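Quick one: this structure, given as structure tokens, is what I'll be asking you about.
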Amino acid sequence: MLTKFLPLLLLLLPGCALCNSDGSQSLHMLQISYFQDNHHVRHQGNASLGKLLTHTLEGPSQNVTILQLQPWQDPESWERTESGLQIYLTQFESLVKLVYRERKENVFFPLTVSCSLGCELPEEEEEGSEPHVFFDVAVNGSAFVSFRPKTAVWVSGSQEPSKAANFTLKQLNAYNRTRYELQEFLQDTCVEFLENHITTQNMKGSQTGRSYTSLVLGILMGCFIIAGVAVGIFMCTSGRRC
């Protein structure tokens, strides 16, 4: 089952190896959903603050384990965040199964959808440089679509986009939620968290917890955007060139 899933994860993870030597200078998030068929799906993901792994997500449907590896949220707050992530995963799977029932002749398994997003602050000596923010989506290991934060526009990951990619881009670029809210999350929420974390990284207490809580809520918003990407994929031959 995982012969295609795990190699893809390993291909995406080196992005974290490019994090700046200062562990607080970048935040990377990764989610991968592997659909063996209409009944079996396995999720895996993580969040890293520089070289520090902060969150992990792994497991088959109905038994996904989500962990925060750093004590930035109190138990009650983390329980709400974890519940939100579990709800998202359930809705994501339901969406795929719904489209499969409606377009069964166009859906081909296995299928792997991966999402990588985050932000990086420039080195201090790079005067005038702006933070680097990104949101990239791949299907079966190939670049599918990516987000241009400056213009809040989604673009194809290929010079010759398929009909599936064009359909997906049309959907993602049609709504404020998938454009300007994402732009705000990447350019403001994510970057401000890193800047605040650098200022308070030697301090312990609720300040960091509150900051990270708002970031996790932003991650949830990003996760729902992945569901929008899935709609485009499954509505047009499941990501195959068409």
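Every residue gets a Cβ built from N, Cα and C, even glycine.
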Consult Swiss-Prot and report which candidate among Cys19, Cys190 shares a disulfide bond with Cys119.
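Swiss-Prot annotates a disulfide bond between Cys119 and Cys190.
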Out of Asn46, Asn63, Asn140, Asn166, Asn176, which of these glycosylation sites is nearest Cys119 (disulfide bond) by C-alpha distance?
Asn46
Quick one: of Asn46, Asn63, Asn166, Cys190, which recorded positions lie within 10 angstroms of Asn176 (N-linked glycosylation site), measuring between C-alpha atoms? Sequence order, please.
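Of Asn46, Asn63, Asn166, Cys190, within range: none.
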C-alpha of Asn140 (N-linked glycosylation site) to C-alpha of Asn166 (N-linked glycosylation site): distance in Å?
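Just about 17 Å between their Cα atoms.
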Could you tell me which of these glycosylation sites, Asn46, Asn63, has the fewest other Cβ atoms within 10 Å of its Cβ?
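Candidates: the glycosylation sites Asn46, Asn63. Fewest Cβ atoms within 10 Å: Asn63.
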Rank the glycosylation sites Asn140, Asn166, Asn176 by how many other Cβ atoms lie within 10 Å of each Cβ and give me the one with the fewest.
Asn176
